[in-house]
Each structure stands twice: as C-alpha cells, then as structure tokens.
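Chemist: I am attaching a structure below and will ask some questions about it afterwards.
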Amino acid sequence: MAAAEMERTMSFDAAEKLKAADGGGGEVDDELEEGEIVEESNDTASYLGKEITVKHPLEHSWTFWFDNPTTKSRQTAWGSSLRNVYTFSTVEDFWGAYNNIHHPSKLIMGADFHCFKHKIEPKWEDPVCANGGTWKMSFSKGKSDTSWLYTLLAMIGHQFDHGDEICGAVVSVRAKGEKIALWTKNAANETAQVSIGKQWKQFLDYSDSVGFIFHDDAKRLDRNAKNRYTV
C-alpha cells in the first residue's frame, strides 16, 4: 500500500464503517413518494453517536521521545537527555499528537525525535534493541517531513510484513541535512531485515540505495561501521 493511500485509509476508516452500518449506501426506498423525507434509522443514529466517542485502536501503543540538543554534552551519558513526550494507542490520539508537534523541518539543529513501541526505549542498550540494527535514509535539509509522516503511518498502521521486528524510528536533524532511521530487533535475521528495507523504500517512493548497520558494529566501530545489507 502506498504511503499516501495509508494516510487516506487511516483518516477515513470511521467513514467507511459508518457507510457499512447504514446498509452499504443508504439507498432511498423506491416506493417513497416525491418529496417524502427519509427518516434516519435507529441503527444508523446509534452508530453515529458511538462513532463520535469510540476511538480506533492501533495494533500497538507507541511513544514519542525527544532528545534535546540544548541539554546534551560530551560529559553526560548518551541518552541522558532523552525525554518521554507522549504515548498513544489509537488513530485519533496519533493525529492529535502529530498535528501539535514540530515536524522535522521545524526542529532545532542537533535534535532527534523518536517514535518507538511503548516500553521500548530508543537506546542500543534496551533489551529489545540490543541485538538489532538500523536502516537509514538521508534527505536534504528541510525535505524529510513527508517521509517522516509516511514512515510513522507504515509503522503504526502495521504495514510491514515483518512488523513485529520493528522497534521504532528516529528522525535526526543535522547541519548537512536530515536522516530517518528505522530500528529493528534481530539484525541477524537477514530475510526479515531485507524485506523491511525494501518495503520501507516502496512506502516512501525512495529511489536511492539504503543500508542496514548492526548496532554491535556501530558500538564497536562508530562511523566506520559498514552496511551489512543494502537494498
């Protein structure tokens, strides 16, 4: 499913359910006389009332995290400036949060903004992330907003065939541009990782090659770590 289509699907899911509750289209009875008013059925009225209050749950709960560059220093441990921002579990709560936070193009230089499955911290040391790795895409400065949104929609909408492998994603704002990284659990599972990388490129219509780096390699070799997989 294309990213734009996922966005429309999540936005109009409630409308489709309402249509189904109304018998699939709400056609006018052929025997009604001209000018006669069709009364709303009790079932439809009841469903409409529920749709106003009932939210649409996601497969998993997710948490936004912000790493504030103004509190970072070389003397503090990595991740000490991470702050839990908001946890959401429904489509409506996601949009409520997303529409009220800064998008990557508006974040300050050096900022990292994360979205991870609830109770997974965006750290290499987290038990769920420890044996994983990351796919990474690069963007020109101020050009990652749409790709960040579509990455979020693909994750929380459970669009990946190996969605259980995904821990979360982070967008990083730097002087030379922006990067989006997709974190996964089991780096050694090549089949799952390659599938995720290919689908991610497809969802974002991203044409450049992307590489996958093991967390273990990144910890040992830092910027000298090499891609283990490329798609």
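Backbone N, Cα and C atoms are what each Cβ position is placed from, and that goes for glycine too.
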Chemist: Could you tell me which of Cys115, Cys167 is bonded to Cys129 by a disulfide, according to Swiss-Prot?
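Modeler: Of the candidates Cys115, Cys167, the one Swiss-Prot pairs with Cys129 is Cys167.
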Chemist: Quick one: which of 150-159, 180-189 does Swiss-Prot have down as region 'EIF4G-binding'?
Modeler: 150-159
Chemist: Which range, 8-11, 56-59, 116-119, 196-199, does Swiss-Prot list as region 'EIF4G-binding'?
Modeler: 56-59
Chemist: I'm trying to understand the geometry here, so how far is the Cα atom of Arg174 (mRNA binding site) from the Cα atom of Cys129 (disulfide bond), in Å to the nearest whole number?
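Modeler: Rounded to a whole number, the Cα-Cα distance is 24 Å.
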Chemist: Inside 10 Å of the Cβ of Gly177 (mRNA binding site), count up the other Cβ atoms and send me the figure.
Modeler: 14
Chemist: Using all protein chains in view, find how many other C-beta atoms are within 10 Å of the C-beta of Cys129 (disulfide bond).
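Modeler: Total other Cβ atoms inside 10 Å, all chains included: 22.
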Chemist: Can you tell me which of the binding-site residues Lys106, Gly177, Lys219 is spatially closest to Cys129 (disulfide bond)? Compare CA atoms only.
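Modeler: The smallest Cα gap between Cys129 (disulfide bond) and any of the binding-site residues is with Lys219.
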Chemist: From the DSSP assignment alone, can you count helix, strand and coil residues within the region 'EIF4G-binding' (56-59)?
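Modeler: The counts are 0 helix, 3 strand, 1 coil.
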Chemist: At the level of the C-alpha atoms, what whole-angstrom distance separates Lys106 (mRNA binding site) and Cys167 (disulfide bond)?
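Modeler: The separation of the Cα atoms works out to 25 Å.
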